[in-house]
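As structure tokens, the structure follows; a few thoughts come after it.
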Amino acid sequence: MKIEKFVLRKMKMRMKHPFTTSFGTVQDKVFIIVEAYDDQGFCGYGEGDAFEIPWYTEETVESCWHMLRDFYIPRLLHVDFQHPSEVRELLSVYRRNPMAKAAIETAIWDVYAKRMNKPLYQVIGGIRNEVEVGVSIGLQPTSEQLYEKIEQALQNGAKRIKVKIKPGNDVELVKTIRARYPDVPLMVDANSAYTLEDLPLLKELDAYNLLMIEQPLGADDLIEHATLQKELKTPICLDESICSLKDAKTAIALDAGRIFNIKIARVGGIEEARLIHEEASKEGIKMWGGGMLEAGIGRAHSVAIATLTDFTLPADTSGSRHYFEEDLIIPEVVVEKGVIHLPEKAGIGYDVNLDAYERFTTEYLICK
Ligand SMILES: O=C(O)CCC(=O)C1=CC=C[C@@H](O)[C@@H]1C(=O)O
Ligand SMILES: [Mg+2]
């Protein structure tokens, strides 16, 4: 297959509520869409989910735009390849920048699935057409607001609750949630806000029967995570630390975490995510699909990857309406009793809502 044209779009969607983590607050979701048009007239969509500010990883919307426009599109345009798994190799001459790579690679997977006339989740090896989901709750201004969000999530059938923590807003927070909801499947995510100096505090979290502690230490702190895991009963889940298959292998060798949160965006695409899944499965690492506050297209890709065999824990992917008044796909992603049912249509399985799509576009570039 050949891609004869790419279109890059910069998009902006207002989120219903600000999302706050230990690193900062996102209110406007600014992101990139890649459209890939093949030689048979199929169009595939991918989403670039770096933030505007490099606080979750080092990439930004602008850095992704630059990588896509100046390197990845010229590298892939008019090139003949058999299968989207080859894109990983074709882009490997360029170092890192996984979110930019994922944006274009996922678009090519979507085109390929449409050519095969099969749903993407089946083409990538998914084994189920529904995915259990939990919810990720950002830091809230008051505990009342936090309880309100938890209450809402439980009413909607969320399979587990994840709350963000940061220094000064951690053990006491978890203690009060546990007192109120003794049996709720609960986990915390620190987004790298701690160091090993916080060991005594992190050990206190062991008392609250958490499913896992997500990314307590720095993205580069694999050795430190291994030291911490030895001290904790609660499993550590790695997020920011796993940006490639190589990172996954190192983490496994060090026993730096027993669970992986897998985001296609963070690891550079579907193929890298599949390889990590294969490796982690062999080693008994549990997995689940993470989220990037995606709009519909990225959300569809994230749900598809969560259908792989060993994604056995609830994913972070909420429905479109959780974050946005209006999404850019039809139908929107819907969660019913904590489950997303995957569409059986070819490709990502959702159509672009052209009206909303144009309204959310702030800039575009045609490359052919
Ligand atoms: O998309 C979702 O619902 C998950 C949101 C979420 O928890 C995160 C999204 C993006 C960066 C982080 O803030 C965070 C995470 O660390 O998983
Ligand atoms: Mg996380």
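Cβ from N, Cα, C; glycine included.
Noted in TrEMBL for the protein shown:
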type: DOMAIN; residues: 143-235; note: domain 'Mandelate racemase/muconate lactonizing enzyme C-terminal'
type: ACT_SITE; residues: Lys164; note: active site, proton donor
type: BINDING; residues: Asp189, Glu214, Asp239; note: Mg(2+) binding site
type: ACT_SITE; residues: Lys263; note: active site, proton acceptor
Just the number: how many Å between the Cα atoms of Asp189 (Mg(2+) binding site) and Lys164 (active site, proton donor)?
5
Would you list, in sequence order, the residues of this chain other than Asp189, Glu214, Asp239 that have their CB within 8 A of the centroid of the site's CB atoms, where the site is the one recorded for Mg(2+)?
Lys162, Met187, Val188, Ala190, Asn191, Ile213, Gln215, Cys237, Leu238, Glu240, Asn261, Gly290
Work out, from DSSP, the number of helix, strand and coil residues along the domain 'Mandelate racemase/muconate lactonizing enzyme C-terminal' (143-235).
46 helix, 12 strand, 35 coil
Can you give me the Cα-Cα distance between Asp239 (Mg(2+) binding site) and the residue listed as 'active site, proton acceptor' in Å, rounded to a whole number?
8
Other CB atoms, at most 10 A from the CB of Lys164 (active site, proton donor):
24
Among Glu214, Asp239, which are binding-site residues, the residue with the most C-beta atoms within 10 angstroms of its C-beta
Glu214
Output, ordered by sequence, the same-chain residues six or more apart from the residue listed as 'active site, proton acceptor' with a CB under 8 Å from its CB, or 'none'.
Asp239, Ala273, Gly289, Gly290, Gly291, Met292, Ser302
